[in-house]
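> Provided herewith is a single structure, encoded as structure tokens, for subsequent inquiry.
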Amino acid sequence: MSDVHIHKVPKAVADHAHINKEVYEAEYQRSIENTKGFWDEKAREFLTWSKPWDVTVEHDFPKGEVKWFTGGKLNVSVNCLDRHLETRGDQPAIIWESDDPAVDKTYTYKELHAEVCRFANGLKAEGVKKGDRVCIYMPMVAEAAIAMLACARIGAVHLVVFGGFSPDALKDRLLDSEAAVIIVADESVRGGKAVPLKANADQALKSCPSVKSVVVVQRTGGSIDWTDGRDVWYHDLLENASDDCPAEEMDSEDPLFILYTSGSTGKPKGVLHTTGGYLLHAAVSHKYVFDYHDGDVYWCTADVGWVTGHTYIVYGPLANGAQTLMFEGVPTYPDASRFWKVVEKHKVNIFYTAPTAIRALMAKGDDYVKTCDLSSLRVLGSVGEPINPEAWEWYHKVIGGGRCPIVDTWWQTETGGILMTPLPGATDLKAGSAMQPFFGIEFGLVDNEGNEVTGNPAEGILVIKKPWPGMFRTLFGDHQRYIDAYFANYPGMYFPGDGARRDKDGDYWITGRVDDVINVSGHRMGTAEVESALVLHPAVAEAAVIGYPHDIKGQGIYTFVTLMDGVEATDELRQELVNHVRKEIGPIASPDVIQWAPGLPKTRSGKIMRRILRKISENLIDELGDTSTLADPSVVDDLIANRPSQ
Ligand code: WTA
């Protein structure tokens, strides 16, 4: 890797930063050698506890047991709101930028606190108690964050479902979590278009008996159906509620939220995060990774429906008393300068987005950027998938003016917060590398047999050797799956499902998933989910789904579909199948390519050989490898001959 250009930490950045190179090295060493001492100190520095903890960390990975700060008591909403009131009550907490460029709204810490308390009382009036599950199916409006914090205040466990998910996907999550209440908007607005969220929820609720009440936030005033006795307006609940709501004292290990994510097999997994460790990891990583300083305006463009929105729009920033921007719209509306106009308008200092957005905007050309004043920017971030060096260099040069470090942050829904990243003032950068472990994180690389690959350079499957505060504690309702999916493959270690390479300097490069999870526009998806959706269609006998390289999305969805006998393969059917998947899962799962497959390459025991399908999807026909173990090698010739043009 001798040809990799190294971007040195600019002196101005290092001088200003919380953590410079020397501090990182010393503190990282300490965090590994004295994990307890390190996190004890951070837990006292970053959080306010109503009762101190007895034991810092206990774990037994093979049994799936992890606990942090046992015996400690605290409340997340108090940490995110109440304790800031005295020092920064009138400072903006959430800066909301609407889909419409002419509309924005700022909530100060005082205002946010008052509304959270009132809504928390409103939820209590709806019968919500500690431990109940509350679903939040919302657009990117401040009320989504308010709802999360209100749940945290009364000890209810929220599950945010991305507003782009279909009624069926919503239904699955409501059923699995046995949610008591759903909070929804009448409609969401993205790119000038309204999406009927309440109507979607109504449809999902037809078969969700556990949901007793539906709280509706009025976003557009569009017409909606109303079920008396079940539906209640958010604004009516607030009007009748007091803004005095004492916070529930929570145990450090009490659940904070569930967030469904995709695995390589079966239905989505309800990743469960708890209170103390999660919030600590969120706060510490937000401050150090983005080098957040008091008064900075920080903008993470993720949706609250994903973990990035949870940790780095809501919990991390608010725990740190930060000004966090929430954007309702899309990067290309009204045109491709929107992100940069928002940066200029709100004088954003720290900007965190996904490679897919960068690639899409890069493709529109630099003119959209040049008309905007981006001089407020100081730190840039990237998350969700590997960033290709071309996009990295454009981001660095054109958006960051060559002066802003890019933190390429690797983490997962399961990890709660960032685990691998450069730090702005400490780490020299290589385009496309997530570089170094965050404090307290010890990575290893193992081969297929589970033996550790030591030395540099090295390549293998990424594993983590010790627990960290923000890690998830279980999969809701399925602890055995938690153990099997994450701790059984490599005993004594956590298995994230990614491969990685360590270069000669010991810096890490994530090489992508090693399981059947794909990453489409930064959205994580199981190929099995898309396959199950396809085979629900009466015309489909069998389907195999592959992620293939896509210029903008990172990975696109390539599907091989075997039709039922006698069904004709037409373009209309192809479109119908695309619509069908959108209906079953949501638009994010739309297949990019559907190839008709009279047969799929299978082993004699009936297992689909995805390796071969992957090569066909990428048109790497010379690299098909050994096909002699196939039950019927001739199906491969047919698939090669009938590849659709893309
Ligand atoms: C991938 C998103 C390379 C990875 C926070 C991981 C990345 C999955 C990066 C988790 C990165 C995330 N470089 N790959 N900086 N960040 N990934 O749960 O494959 O939606 O396992 O969490 O995204 O996706 P998830």
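Backbone N, Cα and C define each Cβ position, glycine as well.
A TrEMBL annotation is a machine prediction, not a hand-curated record.
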> From D366, D367, D428, D498, grab the residue that TrEMBL records in the same ATP site as G384, E385, P386, D408, T409, W410, W411, Q412, T413, R513, R524.
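Record source TrEMBL; matching candidate: D498.
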> 10 Å Cβ neighbour count around K607 (N6-acetyllysine)?
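That number is 10.
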> Mind checking how the domain 'AMP-binding enzyme C-terminal' (529-607) divides into helix, strand and coil residues in DSSP?
24 helix, 27 strand, 28 coil
> What average pLDDT is reported by the model for the domain 'AMP-dependent synthetase/ligase' (82-472)?
97
